[in-house]
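Novice: One structure follows; several queries about it will come next.
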Amino acid sequence: MPIITLPDGTQKIFEQVVSVTQVAKSIGLSLAKAALAGEVDGQLVDTSFLIKTDANLAIITANDDKGLEIIRHSTAHLLAQATQMLYPKAQVTIGPVIDNGFYYDFVYKDGFSESDLAKIEKNMHKLVKQNLKIERFEMSRNEAIQFFKDKGEYYKTEIIESIPAGQTLSLYKQGNFIDLCRGPHVPLTAKLKAFKLMKLAGAYWRGDSNNEMLQRVYGTAWATKQDLEEHLHRLEEASRRDHRKIGKIQDLFHIQEEAPGMIFWHAKGWTLCQLIEQYMRGIFKDNDYQEVHTPQLIDKSLWEKSGHWEKFGDTMFTTSSENRDYAVKPMNCPAHIQIYNQGLKSYRDLPLRLAEFGSCHRNEPSGTLHGIMRVRNFVQDDGHIFCTPEQIQVEVSTFIDLTFAVYKHFGFDKVDIKLSTRPENHVGSDEVWDKAEAALAEALDAKVIKWEFQKGEGAFYGPKIEFVLKDCLERQWQCGTLQVDFSMPERLDAQFIDENNIKQTPVVLHRAILGSLERFVGILIEHYEGAYPCWLTPIQAVVINISGKQADFVIDITKKLKKQGLRVISDLRNEKIGFKIREHSLQRYPYILIVGDREMEKDQISVRQRGGKDLGVMSIEAFVEKINQEIL
């Protein structure tokens, strides 16, 4: 006689073993119809799952995040079924859920084309209309191996062979299609109505470049067709804002094969970077940071001592000289500790704040590189605060306020905060980690702001606070971090003399606000769609003439505006004024200054604001005052 406790505390008593579906029906037919799965004592199960003893139960529907994940996973299996119906020689491998969708990897020697995607998607919709029942059943490991061998599914067989002997495995059947899966799945294919196949890509079997290349099919799936349409609209908008497209139009940067993952900054793009750095330098100065600069190449022995070699050796660029091994720095922290170690410090010297626009290199896999968002060479607004344990909370609190202020200045008002705790492979004792995690949690609680845990996502040397921006499309970008580190300063012999004249090890707070400068520029490009705030835009105004008669006047105006500290260019080409205006409007310059005979006679300019608004005629002095007020 199981007693089922629902999320609101309501209890239902049943005379015998009961399924999740039956419990849902006892609550209401509409809930039973909407049910996709159940959560029994914290474990997700199918709606057919039988509850034999007292249990806590939540009915999972498409309105839940967990329900959406089940929809996406079930749609991945629907994709596999539809594909094998059309292409029987295609072998299935894996099909996990990812952000906003799913993918499935196939082994298919003939390869899929874009036209194949349309056929597969059409077949998926046919299977949805058939409303196939999705059923779970079990096999022993040996039975499953033989079953998939007989089907010619050698990759699936390899997966099962890697599972420890003696285990019972779950499989799912829909129509004639059977696949290995832990589940749960939706009960019927008719529950899967809002999906779209997005693209094809290559992927190595088990992520190893020595293995065979697979065909990866990406898709997206949602609870409703409206949700799907909204997502596709967001993707269209994101494509329009793609920093790679805008970067080319605005002549900001380029990337080429000879330097994969490394940026060739053009003049305007580099100006944008420098403006960001100048602003952040002011932030450093106002908050008592000492800006430093450290070497790019450092002996391997330091990276071994710091722990980076063990954790990141595979992603570090290395070289040798005079029988010594060096690594190009992937991060700046060990180098900053070397600066700290020059001269014994007193407790009166703490907190000591060091900052650097440090150029770092990481050998990211070529397949993960993406414009300036994911690169191999990047600059960080890196900083390290050396302090005592008693100073942690104040320093963390100050940094949180500072970070929010910087983001607001760049136009980001929506920021989520996450506290990432110790990963499995971490250095330092659990006692030290307990202390570090508690220090960050206390600092966050003291700020009375919303935050959430991310278990196991901390750095190998300490827990961290992550600052996640939301852009105009509600996309999330993790930028800022603050990490408490009790381990590395001890490993690298950092010390200070306390008030009792005893040597102690300082705590190091690793902190960055923007993170990768390259990535932050990419975020800004897409957030503003190239129409940056006036203080940040590489070119604030372009001066154009209507005819050749005004050429000297345009040159004179441009010089005057530059002397006032404005970033201005001129366009004296013998082109029609309409052509010039259209061309410079595409560059998203804040102002186009037009000069004709009337303006030249009165020593004035006609001002056109970004977006096409005509501000009329004004003096050069009035324009300078206007733009300065806007910047302030």
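Positions of Cβ are set from backbone N, Cα and C atoms, glycine also.
For reference, Swiss-Prot lists these features for the protein:
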{"type": "DOMAIN", "residues": "1-61", "note": "domain 'TGS'"}
{"type": "REGION", "residues": "242-533", "note": "region 'Catalytic'"}
{"type": "BINDING", "residues": "C333, H384, H510", "note": "Zn(2+) binding site"}
Novice: So around the Zn(2+) site, C333, H384, H510 aside, which residues have their CB within 8 A of the centroid of those CB atoms?
Specialist: M331, N332, H336, I337, D382, G383, Q483, D485, M488, V508, L509, R511
Novice: Are there any residues in the same chain, six or more apart in sequence, whose C-beta is under 8 angstroms from the C-beta of H384 (Zn(2+) binding site), and if so which?
Specialist: N332, C333, H336, I337, Y340, R353, L354, A355, V508, L509, H510, R511
Novice: Please list the DSSP helix, strand and coil residue counts for the domain 'TGS' (1-61).
Specialist: 14 helix, 23 strand, 24 coil
Novice: According to DSSP, collapsed to three classes, what secondary structure does C333 (Zn(2+) binding site) have?
Specialist: helix
Novice: Least buried of the binding-site residues C333, H510, going by other Cβ atoms within 10 Å?
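Specialist: Output over binding-site residues C333, H510: least Cβ neighbours within 10 Å is H510.
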